[in-house]
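Peer 1: What TrEMBL lists as compositional bias 'Pro residues' is 182-195. As annotated by TrEMBL, domain 'DNA-repair protein Xrcc1 N-terminal' applies to 1-63, 86-176. Annotation source TrEMBL lists region 'Disordered' at 180-202.
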Amino acid sequence: MAPVKISHVVSFSSQDPRYPVDNLLHEDKLRPWLSCPHDRSRQLRLELQLERASPIGYVDVGMSLCPSPGWLDGGRQPQASHSPHWDAGNCGCAFLQIEVGRSSWPLDRSYLTLVPSVALMTPADAKLEQNCCGVRMFKEADFLALAVGQKWDRLRLTCSQPFNRHSQFGLAFLRVRTPLDPQHPPLEPQNPPLAPQHTQQGLEEQLRSLLQQLEPGARSLARLSRPARMVLSAARSPALRHGP
């Protein structure tokens, strides 16, 4: 699972000059891309060029809604969503659709749908400007089968907010990652296997300690009862140790 860097913006439908679409290219600065304050279409479209053609395993999207002018510059912050499907609050897009394609395709060729249109806000939340900011994380199980496993270098996102006609909305950030490689699963630290003689020695010591606990007066092996010594001797037997 490796991050796929966004190379540049191919096209976009609208932006606020204070919060331009290029903000999405800067992973170290979480500044959103917001719609133009005068845009009344209530839909945003964005097409991005990825740094390399890669299979897509994960897409993390942070959405943005600007409930009142200036909240990003120190004004009122929107409330965070407490839905278990979000890491923080959805920022304004009521619906989101993600499509994939290739830069080598002709301009008239349709992109494939990666994530069909999903609802990110309820109409009531949008109208009341509640649960406006959040992160939605999509994985392969959320993708349509035709787009899974192929390599893509273009990403197209369509965001819409038909329920609130007065607030700006957009994306806070976008992260793309490749799938987990089944041939190279994450390595888990493992302790080196003990040599057989060390394992056997440890078992004998545990058994000896247990037998001495059962016979408190036997402070040495010589003082163990005959049945206890027979049990300890059997544990040392090669036939019992390695099996038939």
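Residue numbers in this text run from 1 along the chain shown.
Cβ from N, Cα, C; glycine included.
Where the annotation comes from TrEMBL, it is an automatic prediction and has not been curated.
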Peer 1: From the DSSP assignment alone, can you count helix, strand and coil residues within the domain 'DNA-repair protein Xrcc1 N-terminal' (86-176)?
Peer 2: 12 helix, 42 strand, 37 coil
Peer 1: Is it possible to list how many residues within the domain 'DNA-repair protein Xrcc1 N-terminal' (1-63) are helical, extended or coil according to DSSP?
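Peer 2: The composition, in the requested order, is 5 helix, 32 strand, 26 coil.
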